[in-house]
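K.L.:
Provided herewith is a single structure, encoded as structure tokens, for subsequent inquiry.
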Amino acid sequence: ISRYGHDHEAWKQSYTTCPQELEPTWLDCPDLPADFPVGTYFRNGHARFDANHGKSRVSHMFDGDGMVVAATFCPQTKRLLFRNRFVQTSGYRQDKARGDIMSRPGVFGTQVTGGFWNNVGKCFDFKNVANTHVLYRNQQLYALWEAGWPHRLDPLTLETLNIRKEPNGHNLNGLLAPGEFFGAHYRYDAHTGNTCNFGTNLQALQGQTKMGLFEFDSNMQPVRPDPVSFVFPGAGIAHDFVITKNWNIFVMPPAHVGKEAAVQAVLGQGALANVVEFDTDATEATVYLVPRFQHLAPGTAQEMHVDRESRIKKIKVPYHFNFHFANAYENEQDGTIVIDS
């Protein structure tokens, strides 16, 4: 135990490549309380950090390949069914076939094996590592990563489904077009049973960021057929958001595309994630209140610009950056919105 009060060696194990995948295996759990809920706990996270006996290694933990772990609890028998598997993304399969770690560059700076010239111009063909979150709806399990499409998994075996027909992930039955993303931190509306999510698309040449919005019913069907999105000036990193009864809520500090960082990324010498640079001299961030789908007439909500769309509300707050949120709600008495982050 260190003087800081934690076991640092144990903590470092979180960044050690998982050496084994287990088929569904029953484990005895004698201390499981009898009233423990019956169900399955799914978890996703980065779990492959190196290859070739450590000669190749990611330069940032977020570039590690995703692994989903599942534990199904059966308190009556004091047992749980455990399994874990890597998500079989196209990049993961290419790496395994080559005995390498990066056949494609990582968003957080991990380079393609082969030196300088093998990395020039490769930054936009980055690897979907499917390592951030899971979504289970209508007996369908998805592994999520915010800069790509989700991958479908078998909820029991965790096998990645349709890897030949869907090498880049699942487009949610045509909802996602090429180049559009599906975020990793969705929100569940307990009042309607719907699942809400977003996808960030940095449009650097236009000097703006487009946010696609999605909402699905309990059967994982879109609640409306037409696209919904909004646009704000500058660059933005939206890792998470929150919802209330009437609003999709995003908190964005002012940011821009750094020219030097962009050149470095194109040359393969810098992380694509570093291209977005925050305006640290700013004193305010902006809360964007975007109406939920029931308040947007069909065919009127594609690429709503925050500076020209009266249905979107903008609220200035002291400068800060929100990486994750806990919850949000509306005060029924006066309409005040409370955000926990």
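Positions of Cβ are set from backbone N, Cα and C atoms, glycine also.
Sharing the record's features from TrEMBL:
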{"type": "BINDING", "residues": "His185, His239, His324", "note": "Fe cation binding site"}
K.L.:
Find, among the binding-site residues listed as His185, His239, His324, the one whose Cβ has the highest number of other Cβ atoms within 10 Å in the structure shown.
P.N.:
His185
K.L.:
I need the neighbours of the Fe cation site defined by His185, His239, His324. Which other residues of that chain put their C-beta within 8 angstroms of the C-beta centroid, in sequence order?
P.N.:
Ala184, Asp240, Phe241, Asn322, Phe323, Phe325
